[in-house]
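Below is one structure, written out as structure tokens; the observations come after it.
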Amino acid sequence: MGKSSYNVSEFKKGEKSAGSVEEVSKFRRYLPQILASTAKNFLLLDLGLSVAFPTIVIPALRGTLENLDPTENLAITEVEASWLGSIAFICQPVGSVLSGWVTEPLGRKLSMILVNIPHIIAWIMLYYANSLPELYTAAVLLGLGVGFMEAPIITYVGEISEPSIRGILTSCAGVSVMMGIFIVYFLGTVVTWRVAALICLAVPLSTLIAICFVPETPLWLLSKGKVEEAEKSLQWLRGWVSPAAVQDEFKELQQYSVNSNKCAPCQKKGVTCTHPPETLLQRGKELFRHRTLKPFALVMALFFFLNFTGSASMRPFMVQIFQAYGTPIDGSRGIVIMGLVGIIANIIMLILVRKLGKRGVYLISMAGTTIACLGLAFYASTVLPSDWSSFDKHLDSEFAGTGTFPMIMFFLMSFFSSFGISAIPWMLLSEVFPFKSRGMATGITAALNYIMAFLTTKTYLNVEHSLGLDGAAWLYGCIGVVGFAFTWFCLPETEKRTLEEIEMHFSTKGQKFTKTNIQKKLPEAPVEVKIEGKIANSMTASVENMGCDNRGFER
């Protein structure tokens, strides 16, 4: 999955072939890449719909809101609600594993088409569901679909886009997810949850159509020996240009495709590889090298803070939590505003991340989220009764309409969580792992994140029962304090650093985990090297070292 997750032209640091620049404008060159990325973003929109859907189903079936459908006969207990809100997360790792297996043989495009099938079935099942097992089955299908999306989504944009716009296209993923969450929250205020499921069905159906009109990635086509199709794909992606306009880049892609299939020793020697492919065991050993373990520990810590601070654990039960705090607005309308605030935060993050860096954005995000969580804890401790629970009905609460302060805290929590905590770990996931283990390490890390998401949502009921509404907020707020300290001392800045520089940083033995400055690589003078019997300059040599398997990474 990660073998060819980025374009060879990245190592030219933004250079474009002369033919491409002369033939088309920047707008025309970027437009097809934007269109292809937008088609992929429909999948992320569906992801947001899936993640948020339990938030509007649970209050309707628990009777904590006036049901918009008087004929509804389904009802669930608080334990069943905790399962409905979390079961999809435990199924996502299974989808992630399946995704890694099928994306390489089937291709990115076909995988992105097939992933819509479980979601289409799930949305139909939700509309017609008449029992709790049917609801659980639909949630399982949504979870499997979300996990299955991981590999094709991560690899597709990286393999079709130029370095100059790859960051923007990748960052738009968060906006798409938040848009899906917002749409579900909004639908929950105007239609029943069953009608909302039927409306959500339109997204995977539209995605099927949209993806049919975008090309497969050139790198995958080259890996399968489909040279002619790969060239046509690159022509489409660079502005519907002639073969001459992409000649230079296509040659580089061909060289990279050949090189990426070599074993490490043959890559270093620059000779034709006649060795058999690495076994699964040999590839698995890469996971236990310190250059993989160090970034793994870093990203897993960030995923932990994502799931155990802010609103991630509360999301499925947010309508009831709003009511428990006695906010002046209805919980269903409150989550709509939270969704809108999250979209705004994502857009602001896109604008500021290049200036502030990922480290700066994450520190601001963690600080704001922690303050909001501690504010909720203080309010619950001083105003609400000690036995107050969001799983009880509070439609006629004596505290109704008095919770302006916690309402503001919820909105701030949504803003700051979406500003960095929920986005930065996924951005780092595609950067910090070494080339040789990137595919497997990314899949394992994402799967473990989904397991943590299941644990935090499934155990929220237990946390509230054990610690109370105030104790739950204090717990997540204190974890946020630890998260801020960890970020300050341990999170390196990867913005404006190449993949090679990032890998060199994590590959250095004896380097303290608290070193947060990634050194830039000094420019090298052009040298002639021999590659498979031919003379090439240092630019081609860098292509040979795509996997970063040079002596600097043998440590």
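Think of each number as a place in line: the chain as shown, counted from 1.
Each residue, glycine too, has its Cβ placed from N, Cα and C.
Sequence annotations record features per position, and here TrEMBL assigns domain 'Major facilitator superfamily (MFS) profile' to 34-495. Residues or ranges marked as transmembrane segment by TrEMBL: 42-61, 81-103, 110-129, 135-156, 168-187, 193-214, 295-314, 334-353, 360-384, 404-429, 441-461, 473-491.
Distant neighbours of the transmembrane segment (81-103): 1, 50-51, 54-55, 57-58, 61-62, 111, 114-115, 135-136, 139-140, 142-152, 155, 315-317, 391, 439-440, 443, 446-448, 450-451, 453-454, 457-458, 460-461; these residues of the same chain sit at least 6 beyond its ends, with a Cβ under 8 Å from one of its Cβ atoms. By number of Cβ pairs under 8 Å, the transmembrane segment (360-384) is matched best by 404-429 from the list 110-129, 193-214, 404-429, 441-461. Across the residues of the domain 'Major facilitator superfamily (MFS) profile' (34-495), the predicted structure has a mean pLDDT of 85.
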